[in-house]
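Q: This structure is in structure tokens; I'll ask about it shortly.
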Amino acid sequence: MKRSPHATALLAIFIALLLAAPVLLPEFHVTLLNYIGLYAIVTLGLVMLTGVGGLTSFGQAAFAGLGAYTTAYLTTMHSVSPWLTLPAGLLVTAIVALSLGLVTLRLSGHFLPLGTIAWGISLYYLFGNLAALGGHTGITGVPPLQILDFEIRSGRDFFYLIWAILLTLILATRNLLDSREGRAIRALKGGSVMAEAMGVNTPRSKIVVFAVAALYAAVSGWLYAHLQRFVNPTPFSLTQGIEYLFMAVVGGVSHVWGAILGAGLITVLKQWLQDWLPHLLGQSGNFEMIVFGLLMIVVLQRARDGVWPMLQRFWPQEVRRAHIEGVPRLARRSLPEPGSVLLEVSDASKRFGGLVANDRVSFRVRAGEIMALIGPNGAGKSTMFNGISGVDPLTSGRVSFRGQRVESLPARRIARLGMSRTFQHVRLLPAMSVIENVAIGAHLRGRKSFIAAACRADRDEDARLLHEAAAQIERCGLGDQMYEAAGTLPLGRQRLVEIARALAADPCLLLLDEPAAGLRYGEKQALAELLRRLRAEGIGILLVEHDMEFVMGLADRVVVMEFGRKLAAGLPEEIQRNPAVVEAYLGGVE
Amino acid sequence: MDVQIALLLGQDGVTNGAIYALLALALVLVFAVTRVIFIPQGEFVAFGALTLASLQAGKLPGTVWLLLAMGMAIGLIEGATAVRARRFHRLPLIILVNCGAPLLLAASLLAVSPAGLPLPVQVLLTLMLVVPLGPMLYRLAYQPVAEASVLALLIVSVAVHVTLTGIGLLFFGAEGSRTPAFTDASFTVGDVVLQGQTLLVIVASTLLIVALYLFFERTLYGKALRATAMNRTGARLMGISGDLAGLLSFTLAGAIGAFSGVLISPITTIYYDSGFLIGLKGFVGAIIGGLASYPAAAAGAVLVGLLEAYSSFWASAFKEVIVFTLIIPVLLWRSLKTRHGEEA
């Protein structure tokens, strides 16, 4: 996407100020800025992990410690060049982060932070007690960094290195978040179920953000070791890990620039409090933590988005449009022969404890037909959808999709086979634009991964994905609202966004859960027309809907469910005349 | 290691384990009812121990000031809400409960010299000073964000922990305290000498666990808490206030924490920041129980105590490393048992 001219100008001013800072500022302030830069690198990882990915870690300081201790140990004991210890430190960190991630990320969200607390403490004591790492005194005599014959010794020289790395990482992070994998990461917070149904491997995305955040911390630790020229356990303690999280939350946990802001605010405030509080209280100690703690509580209660969004209000936010003109369309999958059986559900049952939500239901959906699943509220229609699409697997029974048994496959594998769906309770990411939401539907149609995204090697593919998303949005009649935040649309239109997202997956079977609810008459007409066109293309559609006029005028066949059982099946006219259906569902109308 | 040492370490482990078990129960309780991961649980242990030590040393414990300050803050917030709603008749009660009661307690502490009081009275005073901090904390820090995600609540917890640790340092200083043993009695069973203090801790913990069990099984409020833990919305529809359930569970957590502090203070020297590690060991126990099962949490906590005792013999420098690394295989085991993670 294109960056707005205002943002570019602000960025240019910021970089100019940074370039001038070491020349103009006294040594003390340069040192302070160096620390802010180091902290911001760690905090940036936390922003990605917490604000974007909805996970959190209190152990980032420990990861920084891994980076710092690896280089300190290798350079002092084995005289390895610092430029080789950086990849070594990253490797150690990656191994630890991946194993920790694999262990905790399958559990519900709070086990990861708890695991990182324990791991942060454990590593701190390990650093402090291993004789090889110098115990609590640490390791001294870490060599300075050297580029050819130039030694980076002074704080002023280090300043440029730290901030160049920080800005590079910020750029890479922004690139990553504005990509196919990035949208998948942004879906982790509150949209895992939807993302899985769109084919995103959410456990993998979680592990990747966790590892990336850890690697950022390790880079910061490596820089720290060569800036300070010695390491000891204190800066890698749990307390520091907590402080990093404070920086992220105060700065603005969902914004990459919030990392610098938060690191800056907390570092300056800490400096100031450490000067003043001992005088005020008449004793010395880490009393700034009282203020930080209270500040955090207030921020979380009053302004959960942190300070950055407050600043952001002062400059105009411009809509960033995707470059999609003249981009070739994505290749379509070849659809099965119209009339061939796409989906075969046999004896599908779902129990929730004692409640039988689906009781041995069987039916088929063919390519190029619209099949409606109707029934009173609580009949088990949405449960059936969840069972078929793998979102909430069946207790027993078989589901074959395109000749393959899918009832025990995870949702993302089923999505890969060409099934796409919408949700009865709309599952959009409200803060993301309509086009980005829809592009998540096209997730499986791209291949470029994290590293390609971070260095912008994915632009052609991403443009094609966005082009596809835009085309589907136009098709659903939402062209005017493509760049609006999805959460600001009326509910009926949000349902249309869900349909566009499902279509972006290029499905051969479409599961639509109450697509017409909340639409006006004209919009319903347009939707019916769209579904007819899709049918003509050879897509199979399974539809749950309460609007009988809509269903009966559209569906080729109808299955009626009541109390989890199949009550009747047949052509719309047959169903309308079926006495059992009229009795149970239509309640004596006609 | 001979049998004698093994038994001695076992005794140590079970004693500490009993206290970790109490804390693990409180953590599971608070999490189940409010979804708060109560990291500051450990601060209640430290505050309980240090308050008792201050009373015994004839000093005015700093927790009095904390109680007064938090009472004032709540009084202000509640008072402002009442004034805005024009319900002036509620003001006297609000002021009396939140400001009057702490003031009365402070005044009586100043009037009598607590050092001379008998031990049970000192313990009671300690509980009166520390336990109310639990519900007050809920009111001030958690209630305004009660509907937030588990993650946000966890961050609040860490913030509260950090604040309380700083306040602990301010009030009690950096030196640790150890209170004299409640009893000097000791028993010899075979070759083993059983310390009276050890028995006291185990008996007291067991009694408290039984009392909690009875509370949850037999009383209306206990059942209300269980209902809230199972289904918050459902419980609210049945007229159980979520705020009340929160306050109640935090009161219990505060009581368990403070009481554990009283129990542990003759066994180990407690510093202003010792509570955190003690609380976290309770946590490791609670996680063994998946933050859901009370008996499993208690058993896990005793296991942690034993592991700690034996590792302090073999590798005392790595005691904490071993205890906190234990969480990794435990999480792995839990992760293999869970079919898939759900959204928080």
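Any Cβ shown, glycine's included, is placed from N, Cα and C.
Sharing the feature lines straight out of TrEMBL:
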- A:343-588: domain 'ABC transporter' (DOMAIN)
- A:36-55: transmembrane segment (TRANSMEM)
- A:86-105: transmembrane segment (TRANSMEM)
- A:117-138: transmembrane segment (TRANSMEM)
- A:158-177: transmembrane segment (TRANSMEM)
- A:207-225: transmembrane segment (TRANSMEM)
- A:245-268: transmembrane segment (TRANSMEM)
- A:280-300: transmembrane segment (TRANSMEM)
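Map the listed features onto the structure and describe their local environment.
A: Counting same-chain residues at least six beyond the ends of the transmembrane segment (A:36-55), those with a Cβ under 8 angstroms from any Cβ of the stretch are 61, 63-64, 105, 109, 112-113, 159, 162-163, 165-166, 169-170, 173, 177, 185-186, 188-190, 205-206, 209-210, 212-217, 219-220, 223-224, 227, 244-245, 247-249, 251-256, 258-260, 262-264, 266-268.
Within its own chain, the transmembrane segment (A:117-138) has Cβ neighbours under 8 Å at 58-59, 61-62, 65-66, 69, 72-73, 77, 100, 230-233, 236-238, 241, counting only residues six or more beyond its boundaries.
Outside the transmembrane segment (A:158-177), and at least 6 residues removed from its termini, the chain residues within Cβ reach (under 8 Å) are 15, 18, 21-22, 30, 33-34, 37-38, 40-41, 44, 47-48, 52, 145, 152, 185-186, 216, 219, 223, 227, 256-257, 259-260, 450, 453-456.
For the transmembrane segment (A:245-268), the list of distant contacts is 32, 35-37, 39-40, 43-44, 46-48, 50-52, 56-58, 60, 166, 170, 173-174, 177, 292, 295-296, 299-300, 305-309, 311-312: same-chain residues at least six beyond its ends, Cβ to Cβ under 8 Å.
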Q: Sequence-remote contacts (6 or more beyond its ends) of the transmembrane segment (A:207-225), Cβ cut-off under 8 Å?
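A: Result: 38-39, 41-42, 44-46, 48-49, 52-53, 55, 57, 60-61, 63-72, 82, 85-86, 89-90, 92-94, 96-98, 100-102, 105, 112, 142, 158, 161-162, 165, 169, 181, 185, 188, 231, 235-236, 244, 450.
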